[in-house]
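Enquirer: According to TrEMBL, the record shows the following:
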type	residues	note
TRANSMEM	6-26	transmembrane segment
TRANSMEM	38-58	transmembrane segment
TRANSMEM	70-89	transmembrane segment
TRANSMEM	118-138	transmembrane segment
TRANSMEM	158-178	transmembrane segment
TRANSMEM	190-214	transmembrane segment
TRANSMEM	243-262	transmembrane segment
TRANSMEM	282-304	transmembrane segment
TRANSMEM	324-354	transmembrane segment
TRANSMEM	375-398	transmembrane segment
TRANSMEM	410-431	transmembrane segment
TRANSMEM	443-464	transmembrane segment
DOMAIN	637-677	domain 'PAS'
DOMAIN	806-1019	domain 'Histidine kinase'
DOMAIN	1041-1158	domain 'Response regulatory'
MOD_RES	D1092	4-aspartylphosphate
Amino acid sequence: MALTGSWMLIGLSVAYLWLLFLIAYYGDKRADRLGAPLRQPIVYSLALTVYCTSWSLYGTTQQTAATGWIFPPTYVGTIILFIFLLGFLHKLIVVSKRQNIVSVADFISARYGKSRRLAFLATFLAVICVTPYIALQLKAVTESLNLLSGAAEGSPGLPDTALIVAGVLALFSILFGARRSLSTEHNRGLMLAIAFEAVFKLAAFAAVGAFALFSLHDGVGDLVRKAVEEGVFESASPTGRHAFLASIVLGVTSIICLPRLFHVLVVENTSTEDLRAAQKWYVLYLIAMGAFVWPIAAAALLAGGEAAASGYHLLVLPLSAGEYGLAVFAYLGGLSAATSMVIVATVALGVMVGNDLVTPFAIRSKTLTGSGADLSARVLTIRRLSIVFLLALAYGYYRFLGGADQLASIGLMSMALAAQFAPAIIGGLYWKGGHPRGAAAGLVFGAAVWAYTLLAPTLVAAGAGDPRLVVDGPWGIGWLRPTALFGLEGWDPIAHGLFWSLLFNATAYVAGSLSARQDAALARIAGAFVSLESDYAGAPSPPAVSNGRLIAAVGRFIGHAAAAEAFERYFRAAEKTPAPDAPADHETYQFAERLLAGAIGAASARVVLQTAAGGRAMDVRDVVTIANETARVFRFNRDLLQASLDNLSVGISVVDKNLRLVAWNSAYERLFSYPEDFLYEGRHVRDLLAYNAARGEFGETDPDGEIEKRLRHLRAATPYSFQRARRDGTVIEIRGNPMPGGGFVTSYTDVTDFVSAENALRDLNETLERRVAERTEALTRLNEALVQAKAEAERANRSKTKFFAAVSHDVLQPLNAARLFAGALAQQNRDRALDPTIANLDSALNAVQDLLSEVLDLSRLDAGGLEPAVQTVSLGRLLRDLAAEFAPVAQKKGLALRAHDTSLLVRSDPRYLRRIVQNLLANAIRYTARGRVAIGVRRAGDRVRIEVWDTGPGIAAEHLNEIFQEFRRIPSAAGGGERGLGIGLAIVDRIARLLDHPVGVRSAPGRGSVFSVTVPLCGREKAQAAPRPAGAAAGPLAGLAALCVDNDSAILEGMRQLLSGWGCEVAAARSGAEGIVAADRLGRPPDILLIDYHLDGEETGFDALALLRARFGEDAPCIVISADSTDMVKRRAEAAGCRFLAKPARPAALRALIAGMVASRALREPAE
């Protein structure tokens, strides 16, 4: 199955690359007809996003997962550069355009005396810098493809993916980046393709980011909350501010120092409008890319498993959720990022290698003679083969060294080496004292320190060096350790290496420049770079050379027609009409030098023109030697390219626009068993078709008709793809695609194993479908049985609930009477002799009451008939009330109880929320033997988390999921000296789920516990004056007239004894009518009414209340005391202006409630 997926992805990748071919081809054709595109500034801004490579898609999320950074610091540096340092970029572009500079090496060479040695050194460092970066793109594409398909590298039947990618990218880079000898010409088609890729990779990255935010989580707030609660970034490496600042510096320097970005920024710039547009659109693009980095990393870490461990969060995150289509979309986004980087980087480096490495050696070689040769094609060949060489080098690096590096480490190390160009570039634009000696010293010292502090530890870690170098330092000198140079310890490796390398670089640059003498020529060059108003033209006076010879010398490298056209435009603009044999003036000579520099570099251009103007007998030989050297390089690199093609397992043939064979590989020869010497360059494709037809390759059809059909396809340049079953049983997949400018590329793949596997899979699928149908039928029957069993269980549960509800009243009635008698007995115990007995009795009654109350609460919750009344609840009032309620219990146990005050308001049912927090607080006090208990709140976005902290024995992690089950008591909780019933947390869990309030717990043995419940926030309370204390509330109840109505005689007797002990005058009755008679015997209206809900017959407590209030007035305070504590009874009591007290009533609670109601009534009477 992995093989199938691999081929499908390879086919999809090839199709996507062909789409890029078409876009680039369209862009070039349109530019040839109409010039620059209408949206050139937008295209330029998007082309700059070649900065966002596959490292930006894969490596930044990996970096964030490791460091916890919210936004990539390299993006921050680039944004700072474009917002605050746009003037610097403008100066860099203007100077480069004036000097026809086409690369970083060309800039350094031209600024510092057009030194060929500096150009060579800068190009050599650029190759070292960019090769690992290109290898990084090959690594990202290959590993992401294998990850997505589930195939391992080197799986049977799967070709070398990295080699195919490298070959295709080399072809694309040559076709659309090395078609003209003048490097200063704009690649319209290439830039349009890069702009399309920029939009595509942003869309892919944003799609995965949106998926992480809104599909896997409920938005940004939910993701942030979960990440904080789970502590996913707590294991992030504490890199510190040094690493962050170092990455910002790399973000600034990479724009001007990385060859590909210098190429897009400078060479592809057409006007100042491009740069101003980039300041807005490019910055917005980076912000959009960076905004999704943290959400993707956080979601991957929260997902855990492979999603968290893999360096490819962008792919693994949707794959772990089963979103294969989104993963493929993300893969294509990564492919876009990688291809855009590789193409532009190889084009830019190809110019540098061709101009500053190969061409200077060709110029120095003088083994051939001749004159008048057009060398423009050879210049192009050098550049194209340089591109092939670079991709081959990157492929070799990937194969032998790339496997040990992480995405982030490779990218940052390459950027750190590229940053070594910064002192020479910045100093060259702003300091006239900069000297070639200083620039060379800076580059050498900076690169050496980079290699020692960054490259050496990486090689040691990969097993390519002695670990003692990193651990002990060279020769055991600790302060020379490459990771802690001069004792600078504790820094991130990248920050450490970047700091020392740039410090040595800048110091050597300044010192070397100050120690050298600057002659007049260097001073004039420096003035042209530092001052935009300078009229510097390159040399004090041109050599004696005629206009005709100057034009001819330039034409040999850029093409005679192009040279003639360029000089004609120059003469027309300068209003000059010079004769061909007249000496070239100063301005004309410098124009020729700048024009030629655009093709072969500034250093080589100076040598070529000086040779052409020397007047020696061998004046043309020096130029022709370039062609000789280039031919040798061409042969070498062609052999290299042919070797690369021959190592492909796919057969490849290429024909030109005249349908003649121009290239093929050995796999193509083996596949069709062509005779030796049958294939040669220039052979017409008709001969090959006729040979294959004669061998029966086209089946039993008309051979001539098949040949003509294929020739029509080739002439019409229409892509095609089909599979051919051969007579020997093998199956070949043939894909043909036209090349821009004419010609056809055809690939031949032996897919016999694939087709056989496909047929086997088809047979297996049919078998599986039958088995699935059988299993589905069995599962249907099982599901029906499960539904029936579930219905029976639900009926049993409802029966249980009805039973508990039915017996609750009968059970609680005698219990209430027992409690009342116990209270009365406590008051009659004058000599305190019965105190132990009364205390034991009260404790036993409390235990029975708690057990019955919690069992009945569970029953009501399981019945599902409770409907919360959500309203605004004051958390401050709730916490204060609970603290006051539990303060005596905590004090009795010697615990410190602390409640944090708050003014927050939440949305919840006040009764149920109080019950949740009450149970959590009761548990905390019950199981804490010593120390303290605290209750408070924490804001969490638009929600509030109420937390109860204790210093109890704690709970082991394996028991955290058990504590919310009914009648579960954890052994470690016994340290508190008390044992609960194992129901309180079960009730908390039921009510929390009813209210949709998440409940959480954090605990560890010996470290206490933290229970929490999260509720929605709705605001804050307005400050109010503290209420004045009511003195009457705490006064005695002596002389208070109380009327008790209950149908249980034992309860009436208990109430009479209890209330009489408090000094009350008590009247008792079994109904409302009897209550009126009993109250009349008191001789005055009752001060308080105590009424049961269930009376005899059909009468309820509210019926009795209506009779009594009709007789004694509506303002008589009333307490409804009942074992029926359903919501209906409580709501009716509240509507009637009564307070509710559940049976069995605790005497202390009853007394406090009576005193409070009487005091409140007393406070109202003066106002009336």
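Cβ coordinates are placed from backbone N, Cα and C, and glycine is handled just like the others.
Automatic, uncurated: that is what TrEMBL annotation is.
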Enquirer: Using a Cβ-Cβ cut-off under 8 angstroms and a sequence gap of six or more, which residues of the chain neighbour D1092 (4-aspartylphosphate)?
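Expert: Set apart from D1092 (4-aspartylphosphate) by at least 6 residues yet with Cβ under 8 Å, we have V1045, D1046, N1047, D1048, I1051, G1101, V1120, I1121, S1122.
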Enquirer: Report the listed stretch (6-26, 243-262, 443-464) having the maximum count of Cβ pairs within less than 8 Å of the transmembrane segment (38-58).
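Expert: Most contacts with the transmembrane segment (38-58): 243-262.
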Enquirer: Given a Cβ distance threshold of under 8 angstroms, which distant residues of the chain, six or more beyond its ends, lie next to the transmembrane segment (118-138)?
Expert: 53-55, 104-106, 108-109, 112, 162, 165-166, 258-260, 337-339, 341-342, 345-346, 349, 352-353, 355-357, 360, 390-391, 393-395, 397-398, 401-402, 405, 407, 410-411, 413-414, 417-418, 420-421, 436, 439-440, 443-444, 447, 601-603
Enquirer: How about the transmembrane segment (410-431) and the transmembrane segment (324-354): at least 3 CB pairs under 8 Å, pairs 6 or more apart in sequence, or not?
Expert: no
Enquirer: Using Cβ atoms and a strict cutoff of less than 8 Å, what residues sit near the transmembrane segment (6-26) while being 6 or more residues removed from its termini?
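Expert: That would be 145-146, 148-149, 151, 155, 158-159, 161, 164, 168, 172, 175-176, 189-190, 192-193, 196-197, 328, 331-332, 335-336, 339, 719, 735, 737, 740, 751, 754.
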Enquirer: Under 8 Å between C-beta atoms and at least six residues away from its ends: which parts of the chain pack against the transmembrane segment (443-464)?
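Expert: Answer is 118, 121-122, 125, 128, 401, 404-405, 409, 413, 416-417, 420-421, 423-424, 470, 482-483, 485, 493-494, 496-497, 500-502, 504-505, 507-508.
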Enquirer: Looking only at the recorded stretches 70-89, 190-214, 282-304, which one has the largest tally of CB-CB distances under 8 Å to the transmembrane segment (324-354)?
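Expert: Checked against 70-89, 190-214, 282-304; highest Cβ contact count belongs to 190-214.
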Enquirer: Please work out the mean pLDDT for the residues of the domain 'Response regulatory' (1041-1158).
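Expert: Over the domain 'Response regulatory' (1041-1158), the predicted model scores a mean pLDDT of 87.
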Enquirer: Quick one: what's DSSP say for the residue listed as '4-aspartylphosphate', helix, strand or coil?
Expert: coil
